[in-house]
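Annotated in TrEMBL:
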| type | residues | note |
| --- | --- | --- |
| ACT_SITE | B:Asp93 | active site, proton acceptor |
| ACT_SITE | B:Asp267 | active site, nucleophile |
| BINDING | B:Asp93, B:Ser94, B:Gly95, B:Gly96, B:Phe97, B:Asp147, B:Gln190, B:Gly217 | substrate binding site |
| BINDING | B:Cys305, B:Cys307, B:Cys310, B:His336 | Zn(2+) binding site |
| DOMAIN | B:14-368 | domain 'tRNA-guanine(15) transglycosylase-like' |
| REGION | B:248-254 | region 'RNA binding' |
| REGION | B:272-276 | region 'RNA binding' |
Protein chains: 2
Amino acid sequence: MAVKYELIKTCAQTGARLGRLHTPHGVIDTPTFMPVGTQASVKGMSPEELKSLGAQIILSNTYHLFLRPGHELVKEAGGLHRFMNWDRPILTDSGGFQVFSLSEMRKITEEGVEFRSHINGDKLSLTPESATQVQNALGSDILMAFDECPPYPAEYEYVKQSTERTSRWAERCLKAHQRPHDQALFGIVQGGMHKDLRKMSAMDLTSLDFPGYAIGGLSVGESKPLMYEMLEETVPHLPSHKPRYLMGVGSPDALLEGSIRGVDMFDCVLPTRIARNGTLMTSQGRMVVRNAKYTNDFSPLDPECSCYACRNYSRAYIRHLIKADEMFGLRLTTIHNLHFLVQLMAQVREAIREDRLGTFRDEFFEKYGMAHNESGF
Amino acid sequence: MAVKYELIKTCAQTGARLGRLHTPHGVIDTPTFMPVGTQASVKGMSPEELKSLGAQIILSNTYHLFLRPGHELVKEAGGLHRFMNWDRPILTDSGGFQVFSLSEMRKITEEGVEFRSHINGDKLSLTPESATQVQNALGSDILMAFDECPPYPAEYEYVKQSTERTSRWAERCLKAHQRPHDQALFGIVQGGMHKDLRKMSAMDLTSLDFPGYAIGGLSVGESKPLMYEMLEETVPHLPSHKPRYLMGVGSPDALLEGSIRGVDMFDCVLPTRIARNGTLMTSQGRMVVRNAKYTNDFSPLDPECSCYACRNYSRAYIRHLIKADEMFGLRLTTIHNLHFLVQLMAQVREAIREDRLGTFRDEFFEKYGMAHNESGF
């Protein structure tokens, strides 16, 4: 089996899991946050910078790589790791989420999804088989089953049919998977905001015995309490000896609440996307460095942070760079935000080890300036 | 005196000068190429990356910093070095070239230049005194006298009057300069494409005894042979114990021909600007990595290059990044082009040391695919 999850301990205070995920490209300490490198690059970052801020695994998007430069080219380059010069683990999504987001530009059938490229309008399709084949060509350590992420809100009947289809598609992905020895295929639990469908989906997928399970279809517009409720309905149905990945979640509060509910892996474009707009995650909460009040503020973005940006540059300089459209400003804010989340997860692991993650969460929220379950972003 | 030029030797084959320029922020080996960091940042680059490719000095633009973030802010930050975290030498231009480039948006008088900001249309002015004061606040190691760069072509009479005014302005800059102990003010020789005016300008300026001299008003649209002819008319009038800086020149052929004619310093946005468009300087000549023929070319940009981009990434990957508008692509092409020019100057210095710069030039041109005096860019 390509990946192996090792459970080190469970936090006595919360039930959160401290673990290690062994993959062909190295070990990941969990719970972990995965920076997103959509087009075979975490925007603005070098692999060395990602390593120096502590990233152990990154995510890349199958939909985007399928369109450009194409999975065959990446395969010819020796796989995604070699193509982008990243020798640590990579997780690829299945492309499902992206093609469904195209809304009017796609059509779903039992076979798969037909859609038009957002780049040039070409008519294309992805099926459970082809999405798996594309990810086999990319050579990620972890690939995801092709699923449908139903919109929110959606009718119960639609979500039920969609979730059942996702289960049928998951089985087709397993059959199509050509590299189980060095790539681990994770199933994705769907079920919308319906407890019974979440349970049904989890039961369906675990019966197929995937090496890991993702929880999809959350963080799609629902409230944080509802997301946490759905997590609580899903996680207990997943086996404890396999990793659990909550897709598309990256706000600090949700990383803490997700860890507490037994999640091991997270990814989100949030830290990198808001960084490019000059918005920072700091130990004092959200900060918009573009604001005029930082014009001649020569302190670091976050006085408690030890990242490259905070060690060497002032708010005034970074504000200047961003106002002047200088690329280096985006590098610095991106480094800071990724460092913030990656280091937050290191603190989470330490707190689990010491059976005090609940206390850590409470203290973090107080300092970060947010109540429980309230979004800071 | 803030800077001291040390002439190590003259190339027996060409007359090119090998030297060292001692400044408050370190020693620069000459001839040298200075990367341009217009807005207190060499676009996309970190100071560490600039150092690792061998840059010993960078240039920053007074006009841009005057407008944004303002020289008073930079002074409050502790000066430009500290503001941008660059502890090696910095040269600032005077802003003259930029305000004259605004064409319809500026008005020249004996007092100075009134112009409108390209950012917000504000009515502003720069005079010899204020341009010097701004650079004193920035704290560059080398500052430039406020000059007029006449357009090309221009009437003899206009160029004569402009050049005389530039001499009067140079004297006013010298008088206004508040930090001669730790900032060296260079005069700028003008004179258009007229031999007698070049000589007149050089005589005027050297009589004022600046610690260094720039040659301005070249690379403004004239042919390369004419530029070299003007250099030959100017350099002999400059003292051999002081540094000579040819402004705005950065094509590989012109760096070689300029060095051969006794120039010690060069700057240009060319390598960084073309990099952002996917155009590379390589040992085999000019290369446009966006071209379709590099789609599945997995060799480095330049097989003979040892830069970070060439050591770790393929043409196919860099092409993909640039086609996909990924910032990291621009970082890689910028690193490569700057490395190419900085290392070319290291080879020039080695060739001077060994009295074979003429031979080196001939061999370089043959390989680079250009005849003498013919532009590769």
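Each residue, glycine too, has its Cβ placed from N, Cα and C.
As a summary of secondary structure, the region 'RNA binding' (B:272-276) carries 4 helix, 0 strand, 1 coil according to DSSP. The DSSP secondary structure for the residue listed as 'active site, proton acceptor' is coil. Those same-chain residues not listed among B:Cys305, B:Cys307, B:Cys310, B:His336 yet with C-beta within 8 angstroms of the centroid of the Zn(2+) site C-beta atoms are B:Pro300, B:Leu301, B:Asp302, B:Ser306, B:Tyr308, B:Ala309, B:Arg311, B:Ile335, B:His339, B:Phe340.
Ranking the recorded positions B:Asp93, B:Cys310, B:His336 by the distance of their Cα atoms from the Cα of B:Gly217 (substrate binding site) places B:Asp93 first.
In the structure as shown, the Cβ atom of B:Asp267 (active site, nucleophile) sits within 10 Å of 22 other Cβ atoms. Ranking the binding-site residues B:Cys305, B:Cys310 by other CB atoms within 10 A of the CB puts B:Cys305 at the bottom.
Spacing of B:Phe97 (substrate binding site) relative to B:Cys310 (Zn(2+) binding site) is 35 Å (Cα to Cα, whole number). Nearest Cα neighbour of B:Gln190 (substrate binding site) among the listed recorded positions (B:Asp267, B:Cys310, B:His336): B:Asp267. For the region 'RNA binding' (B:248-254), the DSSP counts in helix, strand and coil order read 3 helix, 0 strand, 4 coil. Sorted by the number of other CB atoms within 10 A, the binding-site residues B:Ser94, B:Gln190 start with B:Ser94, the lowest. For the residue listed as 'active site, proton acceptor', the number of other Cβ atoms no farther than 10 Å from its own Cβ, over all displayed protein chains, is 31.
Rounded to a whole number, the C-alpha distance linking B:Gly95 (substrate binding site) with B:Cys310 (Zn(2+) binding site) is 35 angstrom.
Summary for the binding-site residues B:Phe97, B:Gly217, B:Cys307, B:His336: the Cβ-based neighbour count within 10 Å is maximal at B:Gly217. Non-local contacts of B:Gly96 (substrate binding site) by the CB criterion (under 8 A, 6+ apart in sequence, same chain) comprise B:Val113, B:Leu126, B:Ala131, B:Met144, B:Phe146, B:Asp147, B:Glu148, B:Cys149, B:Ile188. Distance between Cα atoms for the residue listed as 'active site, nucleophile' and the residue listed as 'active site, proton acceptor': 10 Å, as a whole number. Within 8 Å of the Cβ centroid of the substrate site, not counting the listed residues B:Asp93, B:Ser94, B:Gly95, B:Gly96, B:Phe97, B:Asp147, B:Gln190, B:Gly217, the chain contributes B:Phe100, B:Met144, B:Ala145, B:Phe146, B:Glu148, B:Cys149, B:Ile188, B:Gly216, B:Met247.
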